[in-house]
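Copied from TrEMBL, the annotated features are:
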type	residues	note
DOMAIN	6-43	domain 'L-seryl-tRNA selenium transferase N-terminal'
MOD_RES	288	N6-(pyridoxal phosphate)lysine
Ligand SMILES: *Cc1c(COP(=O)(O)O)cnc(C)c1O
């Protein structure tokens, strides 16, 4: 019995021709879909042979399993999502989305040959940096700037080149752990530099740094404490005062983190403010407040940047033309004060609360008590501006009106064709409108209409 029904399962090649699999072949590739089919057919046969009564043969059911398995694999693909968290630079959601117009404008240089490493004047081999050094002089006041793949690489490079085998003084208050297990003390150890801790978790003065300096000291490293802020009685050394007091053989390096370059975010010290206060070199990420691609930038004294560029690890850390082209275009737009150069953090955090509220009402309209508009807060996130929250508005979904408990509703929303990431507040599902764009509202309305009855 079992044999005759199982033998009616079509060949894998025939199953691949089923119309319901065409979109999966487009997104996952034919070999990946083939593997999924093979695995599901194998499982189904096994279950049927072991338990013919509980698993009676049904081709329809087999196809259903195959489709579900394909869908699960598809969820692993990198794809657009709707950010309903109210965290603008969200590390789990790709940090800063790149402005669509900016992205378009670098398409030509990336889809053609380009002068990445040729000097168009002499025809000889040229530098990778293009105009970036000059542009950054205007933006952050550093004499010279180099780019690596992320800010963790910047820190490693600074420590390895300038402080290997020597001492680096860091305040105890800045012994922070940045997301994903990135610890300053670990990087220090890897780079071969020796950590010297000074001060206490809440107070470190200029004198604390000065007292710790020996002939072996290569660097004082100031780390912008981004993921948390110690509240209450705190004091950190004034950078200007410290810069003046440090002896010549000690480099003053700052890990600024977020890449803030405007006065529009007054609570976040900008890169330029550290340079102007006398820091020798400052490093920061490209994809936080700066609003560009993933990158690490180091800016400051030309002699130091030149030295870092000669480090053998530079070859391993150097970014691609995609990163350079995006950064050049971004900085030009910043210098010309174009909206498309501001970066998502500045644009969204400066949005009027009334605009956000109107957007919330457009989403909630017509759903009655099932969808309420409630006040909430947004944060910049991504390890920036830890204390600062700005007013926002959220829509709150009465999950009682759906078939789902809040946790389950979040999961259902993540399974929508364009996945939506919400949050639970006061036991209810909320979508924070600060990080949801106008053109996503229509989609959300139609999806909500389906789950609310
Ligand atoms: C985010 C951050 C880093 C790590 O930067 P990546 O670009 O993720 O490598 C390091 N230091 C500070 C202060 C940061 O905020």
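Just so it is clear, glycine is given a Cβ too, placed from its N, Cα and C backbone atoms.
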- Message: Give me the DSSP three-state residue breakdown of the domain 'L-seryl-tRNA selenium transferase N-terminal' (6-43), ordered helix, strand, coil.
- Response: 30 helix, 0 strand, 8 coil
- Cβ packing number for the residue listed as 'N6-(pyridoxal phosphate)lysine', 10 Å threshold: 31
- Query: DSSP on the residue listed as 'N6-(pyridoxal phosphate)lysine', three-state: which is it?
  - Reply: coil
